[in-house]
Amino acid sequence: MSQTPMRDVDPDQMTVSDEIAIEIIRMNKWFGSFHVLRDIDLAVHRGERIVIAGPSGSGKSTLIRCINRLEEHQNGRIVVDGIELTSDIKNIDKVRSEVGMVFQHFNLFPHLTVLENCTLAPIWVRRTPRRQAEDVAMHFLEKVRIPEQAGKYPGQLSGGQQQRVAIARSLCMQPRIMLFDEPTSALDPEMIKEVLDTMIELAEDGMTMLCVTHEMGFAQAVANRVIFMDQGQIVEQNNPHDFFNNPRSERTRLFLSQILGH
Amino acid sequence: MSNPNHGPDAYLREEMLPEMPPPARETGMVKWLHENLFSGPVNAGLTVLGLLIVWFLFDHFYPWFAHSVWNASSLPECRKIIAETWGEGAGGACFAVIRERWNQYIYGFYPPGLYWRPTLVFGLLFVALAPILFSISRNIRRIVLMTAAIATLLSLVALNTPSIWLGVAVAIFAVALLVAERHQMWLLGFSAFYPLLGVWLIWGGSFWWIIMILAGMGFGWLAFIIAGRLSPLLAGSSAIVVTLLVWVFLSGDAAKDAENLYSLAITRVDSEAIGGFLLAITIGVAGITMSLPLGIVLALARRSDMFLVSSLAVIFIEFIRGVPLITLLFVAQLLLNYFLPPGTSFDIVLRVIIMVTLFAAAYMAEVIRGGLAALPAGQYEAADALGLDYWKAQRLIVLPQALKISIPGIVSTFIGMFKDTTLVAFVGLYEPLKNISDAVRANIEWKGIYWEPFIFVGAIFFIICFSMSRYSMYLERRLQRDNR
């Protein structure tokens, strides 16, 4: 397993409901003539923690970026919280304010302080009064354990701190679904733990999460489902125990042996 | 164990080493001289050569400055004084021309009794700019406002300003200084009103015109509120339509009638009388303030996904950049009237300002486009992912960063544009460098004087441009957000 230490996970809080949060039906996407996502079918229930793994270029990032329409799919359907993603701008903005996203390179706004990063969207998208937005922001900054950095600029923080601010920034919109696009890939090993711990805490709070990550330890401890993608297709999905202990496809076995082999 | 990195023995550091000062050769004057001036035989030679050149230039020009004459009424008199004092054949500057004719270089042919009007406008410019340019630091804002207030009031007294206006000036500066301490954003109200006030004070005429223009905007605002209840799309367009309708059909007559009822007029001054640095600064300030927003809109339009919008922006930018400014000025002077409804006469200075603005905006658009392109795609994605719509993302995330990146380019464009105002010489306006100097030389007393006016005009241009450059460096430093 991956060597990154994490804190213990309390599985009792993490319950999956019958309600469907995200439904993707026969979705296809091309970059130019390159068929990057092929016939994706996926239903995500509320409260699920799904880890998406796969070699680079397999389309896993593109898949989760389709869910908040940072990428546009060409056919098939994506329904998020009952709202179908079409070219209708209103629906897109509605989905985006319900779905939080954390990026590999944090993408904090460098010209704003940590607190301003966190209050920007609540104030300008949700029209929350500034005072109230600041209270909410401080609440989530405490949750990710960096309230003392609220007045600093992102450039003054370490990578792990920046990523935790990015998580807090997303949480301030009080999303029902969180997407993580390789949240620890740009971090030093010493900082991966602090970010993973924050993500575990989120999972324990019952957040619906889709994570693209190479942290297989996290997948094993937190996920209720692991999806393996290759060449733009979902090759295998299973609960983490079976996924890691007896993968069914040859491609999955090869992938797992490569990333866990040493 | 003495050399821990060599050899296979295990090693464990018992205590961490303290920080120590660098060796003496690595600091101070000696190091600087060695590194920057005498780092090798070639560089030492170049240093000596450079010093020789500086000395040669100094030796050549210093006597000319040292022998300068400030008190004379004509060039021949100057020469006589120099010959008498420094001997036959000695060279010397005759800055007396500046002393005699400074007013023409500053105000052109503006009526001398009214010099206080443009002076007041110039002083108030700093009040209008303070909440925009110096919003970050209260100290600097205080210094700028204080200096502007004292210099302006002293000049106004020296220029025999009517006492009512002196009182108005004192009142405005006093209020501005007070407001700037606590509620500097209130000053933006003055900044918005300043262009109208400035135009009125420089060109004169009835104040009712200004009131009617404001009234048109007021009606537009009312329309915005009322139509806004029905649909937000209707609000903006009906506001513009109502404002234009009021201006075209009501403002003119209403202003005339009101003026007949109760006169609020000050002496009118024609555009032909406006010259010198008054003209250069008027065109420069108007062009700078209008070209920046226009440039931003053009840059955003050029990067737009909408084909029609982006191609219109490309055509506009490439056309304007592909044509010399002088061509545009000739168009302003000669052709523009053909496109306007017959009977409308359009002030030449206004026409020139429009052309200079369009010209600068095209360059500005490209500079800002560079800043927009330099922004990582992740910033756009993060803004999108948070649910910010296009305009909010541009206003809150993209433009603040893109404009900051573009500051050096933007200020270069400003400086270039300000210097280009001298090109209005070609459409017969009295800009300071050529036409005012020609006018001064047309007089028999100052026939043949070239260097001194050029140096004077150049020095003032340099002071203004250098200030802009220093301001941009200050702004860049203040906006620095990380220690990377």
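Cβ from N, Cα, C; glycine included.
These figures come from a predicted structure and were not determined experimentally.
If you look up TrEMBL, you'll see B:37-58 (among others) marked as transmembrane segment.
Marked as transmembrane segment by TrEMBL: B:115-136 (among others).
Per TrEMBL, transmembrane segment is recorded for B:143-158 (among others).
Per TrEMBL, the feature transmembrane segment maps to B:164-180 (among others).
What TrEMBL records for B:185-203 (among others) is transmembrane segment.
According to TrEMBL, the feature transmembrane segment maps to B:209-226 (among others).
What TrEMBL lists as transmembrane segment is B:233-254 (among others).
Taken from TrEMBL, the feature transmembrane segment applies to B:274-300 (among others).
The feature domain 'ABC transmembrane type-1' is assigned by TrEMBL to B:277-472.
As annotated by TrEMBL, transmembrane segment applies to B:312-336 (among others).
If you look up TrEMBL, you'll see B:348-365 (among others) marked as transmembrane segment.
The transmembrane segment annotation in TrEMBL covers B:405-430 (among others). When Cβ-Cβ distances below 8 Å are used as the criterion, the transmembrane segment (B:405-430) is approached by residues 108-109, 274-276, 279-280, 283-284, 287-288, 291-292, 295, 325-326, 329-330, 332-333, 348-349, 352, 356, 359-360, 363-364, 367-368, 370-371, 374-375, 436, 439, 461, 464-465, 468-469, 471-472, 475-476, 479 of the same chain, each at least six residues removed from its ends.
Here the transmembrane segment (B:450-471) has Cβ contacts under 8 Å with residues 93-95, 97-98, 105, 133, 277, 281, 411, 414-415, 418-419, 432-433, 436-437, 440-441 of the same chain, all six or more residues outside its ends. If you look up TrEMBL, you'll see B:450-471 (among others) marked as transmembrane segment.
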Long-range environment of the transmembrane segment (B:115-136) - Cβ separation under 8 angstroms, sequence gap at least 6: 103, 107, 144-145, 147-149, 151-153, 155-156, 159-162, 165, 169, 172-173, 176, 180, 184-185, 187-188, 190-191, 194, 197-198, 201-202, 204, 266, 269, 278, 281, 285, 471, 478
